[in-house]
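Below is one structure, written out as structure tokens; the observations come after it.
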């Protein structure tokens with residue numbers, strides 16, 4: 001659980017980095033239009049403004065234009081090797097920005113696999 005002090009530090013850092021270049025987080029029109037490389041299996045999906053997501057985004061120096069966009073936390077790519085469900089036992093999503101490794105994926109929409 002994120003402590004109040006860690007959240008306060010992250011919020012301060014987030015405010016300090018507000019001058020950084022905004023990230024484009026456009027969402028796909030429909031889940032069936034999701035590029036295979038954008039399909040992720042995330043242990044948690046929440047709004048970017050939520051405590052844990054805001055903390056991670058702040059520490060990474062990421063400034064979003066829309067703080068209500070969905071982000072995935074602790075994600076891994078969905079592969080067909082995992083079986084009929086694509087190997088996802090958590091939340092399957094299509095995310096526009098997966099450039100932060102498994103830590104966080106930005107601009108996510110739920111998909112059915």
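Quick reminder: no glycine exception, Cβ is built from N, Cα and C everywhere.
Of the residues 89, 97, Swiss-Prot records the annotation N-linked glycosylation site for 97. The recorded positions shown are 34, 95, 97; of these, the one with its CA atom nearest the CA of residue 41 (disulfide bond) is 95. Inclusion criterion for the recorded positions 34, 94, 95, 97, 108: a C-alpha placed within 10 angstroms of the C-alpha of residue 88 (disulfide bond); this criterion is met by none of them. The disulfide-bonded residues near residue 35 (N-linked glycosylation site), taking a 10 angstroms Cα-Cα threshold over the set 42, 94, 95, are 94, 95. Ranked by Cβ neighbours within 10 A across all protein chains shown, the glycosylation sites 35, 97 are led by 97.
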